[in-house]
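As written in TrEMBL, here are the features:
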REGION    1-80  region 'Disordered'
COMPBIAS  1-10  compositional bias 'Polar residues'
TRANSMEM  121-146  transmembrane segment
DOMAIN    121-688  domain 'Major facilitator superfamily (MFS) profile'
TRANSMEM  158-179  transmembrane segment
TRANSMEM  186-204  transmembrane segment
TRANSMEM  210-234  transmembrane segment
TRANSMEM  246-268  transmembrane segment
TRANSMEM  288-307  transmembrane segment
TRANSMEM  401-421  transmembrane segment
TRANSMEM  546-569  transmembrane segment
TRANSMEM  576-596  transmembrane segment
TRANSMEM  602-623  transmembrane segment
TRANSMEM  635-658  transmembrane segment
TRANSMEM  664-684  transmembrane segment
Amino acid sequence: DGYRNTNQVSDDYRYQDGNYDAPNDGYYRGGDEPAQEEDAQSDVTEGHDEDDEVYEGEYQGIPHPDDIKEKQKKKRAPAVDDEYRDRADLMAERMEDEEQLAHQYENIIEECGHGRFQWTLFFVLGLALMADGVEVFVVGFVLPSAEKDMCLSSSNKGMLGLIVYLGMMVGAVLLGGLADKLGRKQCLIISLAINAAFAFLSSFVQGYGFFLFCRLISGLGIGGTLPIVFAYFSEFLSREKRGEHLSWLCMFWMIGGIYASAMAWSIIPHYGWGFSMGTKYHFHSWRVFVLVCALPCIASLVALKFMPESPRFLLEIGKHDEAWMILKQVHDTNMKAKGEPERVFTVSYIKTPKQVDEFIEIQSSTGTWYQRWLVRITTTLKQVWDNVLYCLTAQYRMNTLMLAVVWFTMALSYYGLIVWFPDMIRYLQDEAYESRVKIFDEEEVSHFTFNFTLENQIHRNGEYRNDKFIGMKFKEVRFEDSLFEDCYFEDVRSSETFFENCTIISTVFYNTDLYEHKFINCRLINSTFMKEKEGCHIDFEEDNDFLIYLVSFLGSLSVLPGNIISALLMDKIGRIKMIGGSMLISAVCCFFLFFGNSESAMIGWQCLFCGASIAAWNALDVITVELYPTHKRATAFGILNGLCKFGAILGNSIFSSFVGITKVVPILLASSALVGGGLLALRLPETREQVLM
């Protein structure tokens with residue numbers, strides 16, 4: 001009756017003219033046609049396909065024994081030959097597999113639908129992104145209090161402001177690269193755990209050096225969240241939903257800024273919200289604020305434990321069954337939420353790319369435990385470095401360089417200006433404050449007790465004899481060419497108060513903070529300093545006004561319209577036009593800063609600038625995700641985001657140095673950088689129509 005031979009087709013999906021034709025083997029077809037019965041399959045007697053491969057169930061007649069031996073040899077050959085094949089051939093085969101997987105995965109995600117699972121993941125990852133936004137604002141809010149609590153000099157304050165960006169720069173590159181090797185979920189958990197642990201620790205440490213170290217490591221941890229979050233979420237989204245929903249996700253960075261501003265406003269001014277242990281350990285309200293700011297990170301860390309790994313990443317490393325189970329979970333969760341629990345997940349097999357790094361597992365399973373760990377660590381770091389170099393290969397070099405310039409110019413302008421705005425507002429405040437100074441010339445005061453606050457005054461050529469200064473404050477007070485004779489100072493606190501060219505005779509200073517450096521070119525004759533105040537003391541009425549919180553709150557809130565517009569238009573007008581248009585509009589906003597000569601005007605222009613620039617940030621996040629393949633996506637995002645943080649460091653340093661000197665340089669630098677970056681962005685390839693490779 002004849003002999004039936006079945007030969008499984010090597011590829012379950014054959015890519016032809018942009019579509020996939022599935023074989024009649026019961027696997028995923030993307031349609032609803034039932035699989036043919038075995039008897040019906042055996043009746044197929046048509047010819048071979050283009051590659052001369054045999055379809056299952058095709059009648060071929062009785063084969064010759066030599067043909068059987070040849071087929072058996074061919075079956076065994078690939079497993080042996082892979083060891084000797086050139087790596088370039090293996091990588092070419094892998095790239096072909098990845099292209100097939102990209103289109104098949106897009107069809108599978110569309111079958112899974114967009115519903116409850118994606119929205120749950122949206123809020124979990126949103127909390128992680130919110131933690132990133134909070135981290136940017138924390139140091140700026142606590143700095144006025146921390147500088148008094150830790151007796152910080154100007155250079156120490158500057159280092160504390162930049163150290164977080166330095167940590168985020170390193171963390172973005174390192175943890176972003178690891179996410180392409182260890183997995184999105186695992187690396188995001190590591191990133192959030194590092195941030196939460198060291199943010200918590202930083203709120204309790206007393207010394208400046210240890211606090212600086214904790215904020216550095218905390219920044220390193222949170223730096224990895226941005227590249228991982230966008231790579232992670234994008235791999236659960238279909239092409240039609242990706243641009244819009246990644247833009248909605250960006251709103252959590254804005255929410256983080258609002259949260260930090262609101263918490264600072266409500267916690268830090270309450271100096272009593274703390275405790276002391278002896279005279280050395282103080283836990284002030286700003287430390288409570290640092291603890292509260294770690295809550296979004298901790299919440300995201302806990303919720304992430306219940307979310308699965310990215311199935312696209314699992315497919316890239318050959319873990320087919322795990323990826324299939326997760327995709328089935330996504331499908332079933334969404335179908336149940338839609339009221340269609342009877343819908344069946346029809347995918348049976350998914351294409352997995354050729355694996356070329358199997359030798360690593362063999363090496364890492366030999367030797368002692370520390371040798372195995374050393375092999376794993378060194379091999380993983382080498383792979384991360386190879387991924388970094390891969391982003392500069394001929395295929396991606398031009399896109400990477402153009403994106404690097406756009407990211408850098410955007411960060412230089414944005415982060416430079418958001419630091420410059422509050423500094424300029426404070427400078428305008430100081431100018432107005434100095435204009436109201438009271439000047440007293442040649443006053444003579446004797447046998448008088450000062451027990452009230454002296455503020456914003458200059459006393460010249462005065463004489464003070466037998467006077468008492470008890471339980472009082474000096475704020476912005478200067479004594480010039482004055483005489484103090486037989487006076488008594490007790491329990492006096494001062495800020496920005498100095499004695500210049502004064503003569504002080506037979507005067508006692510008891511329990512004051514009038515230290516030696518506050519007496520400039522003075523003659524001290526028979527004067528005594530007893531029990532000087534130790535440490536630094538916070539004066540909330542002066543240093544912790546609400547302006548810095550209000551400016552940051554309004555700046556964060558002003559990006560809401562830009563976020564909504566970019567989310568709604570991202571898939572309609574495209575990523576490139578969004579980046580170019582937003583950066584050019586932001587550059588125009590910079591020129592109006594020349595007319596910002598008051599506090600209200602500066603706040604208004606800041607809100608306009610932040611609202612116009614947020615669309616460019618959102619589109620940059622989306623296009624960076626879409627331009628790189630899955631096994632390099634987080635690495636590329638991490639490199640570019642690390643460069644962004646380097647631009648932030650430069651912007652903060654350059655722009656703040658011109659406060660009170662000139663507005664021309666910061667405005668021209670920011671606007672020219674935005675114009676250059678925006679025009680270059682128009683040369684990037686549009687990605688809204690392509691599948692996620």
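Quick reminder: no glycine exception, Cβ is built from N, Cα and C everywhere.
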Residues of the parent chain within Cβ reach of the transmembrane segment (576-596), under 8 Å, 6 or more residues beyond its termini: 406, 409-410, 413, 417, 424, 562, 566, 569-570, 602, 604-605, 608-609, 612-616, 618-620, 623, 663, 667, 670-672, 674-675, 677-679, 681-682, 684-686
Contacting positions for the transmembrane segment (121-146) when only residues 6+ beyond its ends and CB under 8 Å are counted: 152, 157, 160-161, 163-164, 168, 188, 192, 195, 199, 211, 215, 218-219, 222, 225-226, 229, 232-233, 236, 245, 248-257, 259-261, 264, 268, 284-286, 289-290, 293-294, 296-297, 299-300, 303-304, 307, 419, 422, 538, 540, 543-544, 548-549, 552, 556
Contact between the transmembrane segment (210-234) and the transmembrane segment (635-658) (3 or more Cβ pairs under 8 Å, separation 6+): yes
Stretch of maximal Cβ-Cβ contact with the transmembrane segment (664-684) [cut-off: under 8 Å; candidates 186-204, 288-307, 401-421, 602-623, 635-658]: 401-421
Beyond the flanks of the transmembrane segment (635-658) by 6 or more, those residues with Cβ under 8 Å of it: 158, 161-162, 165-166, 168-170, 172-177, 179-180, 223-224, 226-227, 230-231, 384, 387-388, 390-391, 396, 400, 403-404, 407-417, 419-420, 423, 624-625, 627-628, 665-666, 669-670
The domain 'Major facilitator superfamily (MFS) profile' (121-688) [mean pLDDT, rounded to integer]: 82
Cβ pairs under 8 Å between the transmembrane segment (602-623) and the transmembrane segment (401-421), at least three: yes
Residues of the parent chain within Cβ reach of the transmembrane segment (401-421), under 8 Å, 6 or more residues beyond its termini: 140, 161, 165, 551, 555, 579, 583, 586, 590, 602-603, 606, 609-610, 613, 616-617, 620, 623-624, 627, 639-641, 643-648, 650-652, 654-656, 658-659, 666, 669-671, 673-674, 676-677, 680-681, 683-684
Tertiary contacts of the transmembrane segment (288-307), as residues 6+ beyond its ends and Cβ separation under 8 Å: 120-121, 123-125, 127-128, 130-131, 134-135, 138, 141-142, 185, 188-189, 192-193, 195-196, 199-200, 202-203, 222, 256, 259-260, 263-264, 267-268, 273-274
